[in-house]
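Right, one structure below, let's go through it.
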Ligand SMILES: Nc1ncnc2c1ncn2[C@@H]1O[C@H](COP(=O)(O)OP(=O)(O)OP(=O)(O)O)[C@@H](O)[C@H]1O
């Protein structure tokens, strides 16, 4: 057998010495020009370096592919096989399909005159690479270079037999198919390159389909096999519809309407094949129906895309059909070869068929190229070229890389076919890098086909799908896709090669598409992109969920912190409230203690209490033994002021005490805001005491006088004398003075410096006393002082004054002040400074000066801040000054009345009573026992007063 690389008649060039009979001719020497993409460096011809006699192409034993393992089911590359049609001097002769004798015989124009002169343009370098060399004419005109292509799954030299091709290419697919794995083989190549020959062959040289059928029905040798296999076959073609559209024809039936939905064809008749003969008969019958035509390039040129599906269904002996996954489909497709008008010489209808054929071939190539580019660069979207033709739509899953596929490229080796051969190799070279994933997925297509198959008896023999809506739309779609892809390499390829293959009168697909069609196309693309969109949406959803999760956690933390802060705020508020309550309680307790403690005369009030003009008017007239108690209740409403006046004459001191206590207590019960005035006249002494209207004043007074607190008791408004039997008079008084700033054991002294609350220092008090004694005190206000203290001191003073009244003389009064000598009894008055008006002319003698204390030490008798009884003055200016002060006597410091009381009360064992009353008694209803105790306390106090009076 002569090698195709050897050119007949060529002059030998340096024949190797070892092989003088072999001649290697290099038609197209290597150039230094820039290599084309995807093209390897040109290699010397496969046999040129071999000095041995030219051997035949590697046989089956030598081919490693025969020993290759079956393709991996996980992920495998697109298998691209290359078969070179041999230079055949008879190639121009009539093409006969001996295997399928029904194929019509055409009468092609022989090219015998050129056959003998044909030179192969392709040289097989090795089982996986070839070198294509342009003819001399093209080389010189277009500066075409020699091209080498490698990476094929297998290169079948021209002399390779059908059996060898089957063993190396088809057998693995069939074996996998028998095992339940689907596969597909597509024959692609220019017209007359041997596609049909390879697929179907001839009776003498059967192709892949007959060989596969024989393989399928070979006995497996599995005696104990529990499975029985059933094979089904469908054959249909996709052809041109009057040169404008596409149609699907079922080659196994007649007249039945079939349609295609996405990648599923409905209405196809599926025939059961039980043996090889029957199968071959069915296939031969189908081939008779296939559209063929005689062209210049091929006497029996296929005018349609023929698809053969062989489905395998497995059953066990129990008759249960296998699952869907057990169904496998082996698909073999014989495409119509692209052709050039000048080579085919077709006109009219055939010209339209040629356009359809070329377009389909181009779309198929674009789909594979888009898949390749998408897999190489995932960012590049996978184009939807499959929508442009029925064939590609049917093969969508394969063209998207979801199902495996094998290509058999057939090329012609003649020099004049260099352009077609070079184009096919250039186009298909990248396909070898395409990978298929998901081959392990169950083949549902076969199941679909099985379920959709119609009964053969009911099927018409042949269907025409001219009414099929797909062709027109697909045609438009194809035009759109075509125009879209012409911008890059596809355009160049189209211009350089495809256009040349198109008939001159063929209409090139229009590139301008209407907007509506574009919109429809976009909608289709949207539908097609639905899975991608779903994935994108899921990813976005996942991202948003994660983001929301993070935000949620952050907000949760903030919420917990806010909650803690709120709790802390609540705690602080609770503490504040507690402290406030505690403060109030302490204040009340302090007040209570002060009011019940004889040593503490401090009267503290809240800042909101208004200042009260308090006064104590205390006069004692012992001679008359009269107790005159006046309680004036003053309200904010001037008309509601009450004045409770009690005047009672008593005959003895005991009566005075009880009477005073009774009246005072009655007034206290009448109104806490009463002004209290006690006028006691015992003998020739008169004692007047006025209490402030504030409750504190009453309490203070009450505590000192009655030894009992009545701060919480208030007399309802409108109380009358009947309600207070002790009161002789109850009347309204419009004078209402707000209570506040009661001094702590302090008094307002005329001319003395006062602090904010009217407190005066001890020395100031002393000086004031001096002024009082000297009769120079002129002031208009005297705050409330403890009545008991004052009373005690006043009584003491009045007693002493009474003793010394005979010694007093008006001449002795300082500053020439007149002293009322007409008064029979010394009058001791304690009144507010406003009411105190010591006249400048009040006579005051040394003898008349009251002796405010006994002869004890001054500290014991000293009046501290509150022992200010020195502002004693006659209440009424018209009355003579009751004080008969003796200026000659040394001025003595007054002793605080509280000190005196405390001292005396200690002697009277009153501490326990004070202690018990100072703790935790507030807010509790007073019992009768306590009332009795208070009475007892008051009794003690009065006893003390009494003792002072008699001192
Ligand atoms: N490998 C081969 N060995 C011998 N003869 C071949 C070979 N390949 C093709 N031929 C012959 O070439 C002629 C054309 O082959 P074939 O019809 O298969 O081409 P094709 O690719 O199918 O063309 P078209 O696409 O137009 O149908 C046939 O007569 C066939 O016998």
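Using the three backbone atoms N, Cα and C, a Cβ is placed for every residue, glycine included.
What TrEMBL records for 189, 190, 191, 192, 193, 194, 195, 196 is ATP binding site. The annotation coiled coil is assigned in TrEMBL to 555-589. What TrEMBL lists as compositional bias 'Basic residues' is 27-37. Summarising the annotation, TrEMBL assigns compositional bias 'Basic and acidic residues' to 512-529, 799-808. Marked as domain 'Kinesin motor' by TrEMBL: 77-434. TrEMBL lists 1-77, 93-114, 504-538, 707-739, 797-861, 913-951 with the feature region 'Disordered'.
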Identify all same-chain residues not among 189, 190, 191, 192, 193, 194, 195, 196 whose C-beta atom falls within 8 angstroms of the centroid of the ATP site's C-beta atoms; report them in sequence order. 85, 187, 197, 298, 337, 410, 412
In the structure shown, which of the binding-site residues 192, 194 has the fewest Cβ neighbours within 10 Å? 194
Express the predicted model's confidence over the coiled coil (555-589) as a mean pLDDT, rounded to an integer. 90
According to DSSP, does residue 196 (ATP binding site) sit in a helix, a strand, or coil? helix
